[in-house]
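For reference, Swiss-Prot has these:
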TOPO_DOM  1-4  topological domain 'Cytoplasmic'
TRANSMEM  5-25  transmembrane segment
TOPO_DOM  26-53  topological domain 'Periplasmic'
TRANSMEM  54-74  transmembrane segment
TOPO_DOM  75-145  topological domain 'Cytoplasmic'
TRANSMEM  146-166  transmembrane segment
TOPO_DOM  167-177  topological domain 'Periplasmic'
TRANSMEM  178-200  transmembrane segment
TOPO_DOM  201-221  topological domain 'Cytoplasmic'
TRANSMEM  222-242  transmembrane segment
TOPO_DOM  243-257  topological domain 'Periplasmic'
TRANSMEM  258-278  transmembrane segment
TOPO_DOM  279-290  topological domain 'Cytoplasmic'
TRANSMEM  291-311  transmembrane segment
TOPO_DOM  312-315  topological domain 'Periplasmic'
TRANSMEM  316-336  transmembrane segment
TOPO_DOM  337-351  topological domain 'Cytoplasmic'
TRANSMEM  352-372  transmembrane segment
TOPO_DOM  373-379  topological domain 'Periplasmic'
TRANSMEM  380-400  transmembrane segment
TOPO_DOM  401-418  topological domain 'Cytoplasmic'
Amino acid sequence: MFRRLLIATVVGILAAFAVAGFRHAMLLLEWLFLNNDSGSLVNAATNLSPWRRLLTPALGGLAAGLLLMGWQKFTQQRPHAPTDYMEALQTDGQFDYAASLVKSLASLLVVTSGSAIGREGAMILLAALAASCFAQRFTPRQEWKLWIACGAAAGMAAAYRAPLAGSLFIAEVLFGTMMLASLGPVIISAVVALLVSNLINHSDALLYSVQLSVTVQARDYALIISTGVLAGLCGPLLLTLMNACHRGFVSLKLAPPWQLALGGLIVGLLSLFTPAVWGNGYSTVQSFLTAPPLLMIIAGIFLCKLCAVLASSGSGAPGGVFTPTLFIGLAIGMLYGRSLGLWFPDGEEITLLLGLTGMATLLAATTHAPIMSTLMICEMTGEYQLLPGLLIACVIASVISRTLHRDSIYRQHTAQHS
C-alpha cells in the first residue's frame, strides 16, 4: 500500500508539471501572436482589429488540421492505440504517445487562436500521458489503468483546482471497473497535483471568485431543484445539437484542415458581434459571476457562445467541452434567475444562485456524474453551503438527462471519433 501511495505522489507531481507546461506554452503563444499577456482570450479578441478577430480562429484551425493530416500522412496509418485518456481507460491502458502529443499540440493551436473549445482537455490528456509513461516503465501491466486514472484525476485537479471532484469524476465514469480501494491513490495524486500546481503558480486562490451573500432558505431549495429539472431537459438538447453539428461538418466531406478552418471562421464571424465567444469561456464566467448582466445581454452572449461551441466541437477541434459546458449552464441558470427575479425583491442574489446551480446541473446532465458535478462547483467557488441543494438538483438533472439521452458527452465523443 505504501508503494502505491508513493507512486501516486510521483504521478501527482508529474501531472502538475504537465498541466503547467501546457498553460505556459499557451500564454507564450498568446503573447507572441496576439500581443496579449493578460491570459484572457476575450481581452485579446477585444484588442484585435475586426479582420484579425475574424481570421485568427480560422487560421488556427487550419494550422491544427494541417498538423494532424500531415502526421497521419507521415506515419501512413491511423493511431495504433488510443489518443484519449477515456479510451485508454476503457481498453488496455496504453497510448499512442506520439499521436497523443501531436493531438495535444493541435489542441494548443486551436485554443490559443480563439476557438471556443476547452484547453483543460489537453491538459488532462498530457497529465494522463505523463502518468502512463511513468507507469509503463516502473509498474506492472495490471496497474497501468490505475495510474492513468490517477494522472487524469491529478490533471483535472491541477486544471480546475478541484481534487475531490477530479477523483470522483474518475470513480463515477469507471464505476464497476475500479475497486473502491483504488480511490486512495487517485485522491493522493489529485491532492498532490493541486499542491504542486499552487506552488508553481504562486497562488492558492479559488478558480472562480464569487460573492454570494444569500443564506439558502426553503424557497431557494425549490428554485435550485427546479433549475435541476430545467438542466435535465437542456442537457440532452445540447448533446443532440453537438451530435447534429458534428454530422453536419462530416457531411461536407472537407479535408481536416478546411473543416477545422471552417469551424474557426464561424467563431471569428461570431466574435465580430461579441469577443466573448473566444476561448473556453473561463473569463466570461468570471465576469458574469462578478456582476451578473441584464437579461438581454446574457441572452445575446449565450446564443453567440453556444453557436461558437457547436461550431468548434462539431468541426472536430481537438480540445474539451468541459469549461464551455460550465458557461452554457451558467447562462441558462442566470436567464432563469433573471426571469424569476422580476417577481422577487432579491433578484440579483437569485440570479447568482441559479447561475451557480446551472453550472453544476448542466454539467451533471451532460456527464451523468452528479456527485462530481456538485463537488466541482463547490470546490471551484468555495460555496459549500450550496452542497445539499446542488447534490439533489444534480441527481435529478442526471436522471432526467439519462432517461432522455442514454449516452453521456464522453461516450458520445468516443463514438464520434471511433
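Glycine too: its Cβ is placed from the backbone N, Cα and C atoms.
Within the same chain, the transmembrane segment (258-278) stays apart from the transmembrane segment (178-200): fewer than three Cβ pairs sit under 8 Å, each pair at least 6 residues apart.
The transmembrane segment (178-200) and the transmembrane segment (5-25) are in contact, since at least 3 Cβ pairs between them lie under 8 Å (pairs 6 or more apart in sequence).
Among the listed stretches 5-25, 146-166, 352-372, the one sharing the most Cβ pairs under 8 Å with the transmembrane segment (222-242) is 352-372. Helix, strand and coil content of the topological domain 'Cytoplasmic' (337-351), in residues and according to DSSP, is 10 helix, 0 strand, 5 coil. Ranked by number of Cβ pairs under 8 Å to the transmembrane segment (316-336), the listed stretches 54-74, 146-166, 352-372, 380-400 are led by 352-372.
Within the model, the topological domain 'Cytoplasmic' (279-290) shows a mean pLDDT value of 93, rounded to a whole number. The DSSP breakdown of the topological domain 'Cytoplasmic' (75-145) into helical (H, G, I), extended (E, B) and coil residues amounts to 47 helix, 1 strand, 23 coil. Remote same-chain residues near the topological domain 'Periplasmic' (26-53) are listed as 108, 111-114, 119, 268, 271-272, 275-276, 278-280, 282-284 (criterion: CB distance under 8 Å, separation of at least six residues from the stretch ends).
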